[in-house]
């Protein structure tokens, strides 16, 4: 089983290097394939086939774990560091199996969709290769049995996101977004690395299963410090307040990349790590309280921001921050199974929504909601698929998001009413109320985006039609799990819908969606967000957090950097240059007597002899 799990991450890893080195050459070699055949595209073949192999292998791993539940660990090799050993090994259990399967499914959908979406892109080969490396890194995080090995995959994902977000680096917005994503996540990763070291040194091992078992026996200060430091990395990777600002700007990258980052990799990694190390967080209640408070701020604030965005991709980006916060809230109140269930359903409907948004953007030639309208008439496949995605996002029964989100709400309600087992009653109530408010806001912004995209009159001169078949059918395929995945949770008692929580959730859903519809129905040509009045600007700018960071951090750091450069040029460089010039002048004096003139040499020789003779006479 361990060997099989290690093979899951291997094909995309090899595909990344093969795509970089031989993708274009293979394309030239396969020019003889029939016109329109995917075999004519070497990089696409290298990208899609290995991920398909990984999908099959991950399905086998998941099936084996389902047939024989339990945790399996194995060390491939042991690195002796002289103090705490590092075991390069894997850990496979139910959590790793289902998340690994999810990663492979979404990665394959993104690679297949990208074949058409990125056709004609001169850097497609490197694009597909980085997606493969991205996928492999996430799989390493999922199956890793050692914290330091997990950290390697964690950091590789950060590097891949930088290159993929900035794929079209010629455009300044893309390159700036890539740098911002890299730097903001690095802030969190610094804390994450320190947390890993504190936890590993405190436990005497970096093996995850041993750390979780020993967490209750470690000093409380060590566990709490490590958990809080790990949360810094989680906030960065999973785009939670206050390190959330990079994710909306990352929408500057190609749309399929957004689907991969938001659904299966990068942002999902933070939630997964908390679930993987959940025993550590249970031993640090204060860390779970911080996680709960951060989750409430993130879910409500991001949902408000999504309600006022004009860009479809930014609506989905803020939606991702909010939904990740729902998962974090579930973990904060002790509902690990519900949080992971929502992670899986979110991966399905968010990948669907982003790829469907890619279809809309290709057709309309714009990201802006104001340029859409009436698209359902010419894009039936995209319309029905995206309808399923928005319904799952809003939590409309019986779509997948309803099951998973209600499971989190039910757990928060139980913790608030009956006393939280892992968090204080105050935090549980805060989480519960935040979740209820988020249900209303989510339904409202999902309804607004759906209506402005597919209903009303067309606001543009473009031809309305579904894009390339490979794109449309990939989106349609993702609509299936987005619709039915929730039913797979009925086998677990803690994931079954409860009457009280479900009725309240549906009522709040009706309030949010109904309110958005009523405002839109007054004048379908106008944006329903106008009803927000003066606060619309505040929501649209995400409460001016970016501007606050720019004023408090970015501009002061830039000013300091300019002064450092001036000091370097006028002091350090001046000293170095002055030393060189002084040596040059001294050399000029010496060079005066070494001018190649024999008369000068003879004169100097005679003068020296005379001086020596005079000295002998005088001092004798």
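We number each residue from 1, going along the chain as drawn.
Heads up, the Cβ atoms here are built off N, Cα and C, so glycines get one too.
Since the structure is predicted, the reported quantities are computational estimates derived from the model, not experimental observations.
Among the ranges 213-234, 235-256, 499-520, the one that TrEMBL lists as transmembrane segment is 499-520.
As stated in TrEMBL, the feature transmembrane segment covers range 96-117 out of the listed 74-95, 96-117, 404-425. Looking up the ranges 287-308, 529-550 in TrEMBL, the one annotated as transmembrane segment turns out to be 287-308. Secondary structure counts, DSSP: the domain 'NADH-Ubiquinone oxidoreductase (complex I) chain 5 N-terminal' (80-127) has 28 helix, 7 strand, 13 coil. With a cut-off of 8 Å between Cβ atoms, the residues of this chain six or more beyond the transmembrane segment (499-520) that come close are 394-397, 402, 405-406, 409-410, 413, 436, 439-448, 451-452, 455, 526, 528, 530-531. Counting residues 6+ beyond its ends, the transmembrane segment (287-308) has Cβ neighbours under 8 Å at 224, 227-228, 231, 234-235, 240-241, 244, 248, 274, 281, 314-316, 318-319, 321-326, 328-329, 331-333, 422-424, 427-428, 430-431, 434-435, 437-438, 441-442, 444-445, 448, 529, 532, 536-537, 539-540, 542-543 in the same chain. Most Cβ pairs under 8 Å with the transmembrane segment (381-400) belong to 472-493, among the candidate stretches 42-66, 187-206, 257-275, 427-451, 472-493.
Sequence-distant contacts of the transmembrane segment (472-493) (same chain, at least 6 residues past either end, Cβ-Cβ under 8 Å): 105, 109, 112-113, 337, 341, 344-345, 348-349, 351-352, 355-356, 359, 381-382, 384-386, 388-389, 392, 398-404, 407, 466. Note on the domain 'NADH-Ubiquinone oxidoreductase (complex I) chain 5 N-terminal' (80-127): its mean pLDDT in the predicted model is 87. Residues 1, 4-5, 7-12, 14-15, 18-19, 22-30, 92-94, 97-98, 100-101, 103-105, 107-108, 111-112, 114-115, 124-125, 128-129, 131-132, 135, 139 of the same chain sit 6 or more residues outside the transmembrane segment (42-66) yet have a Cβ under 8 Å from a Cβ within it.
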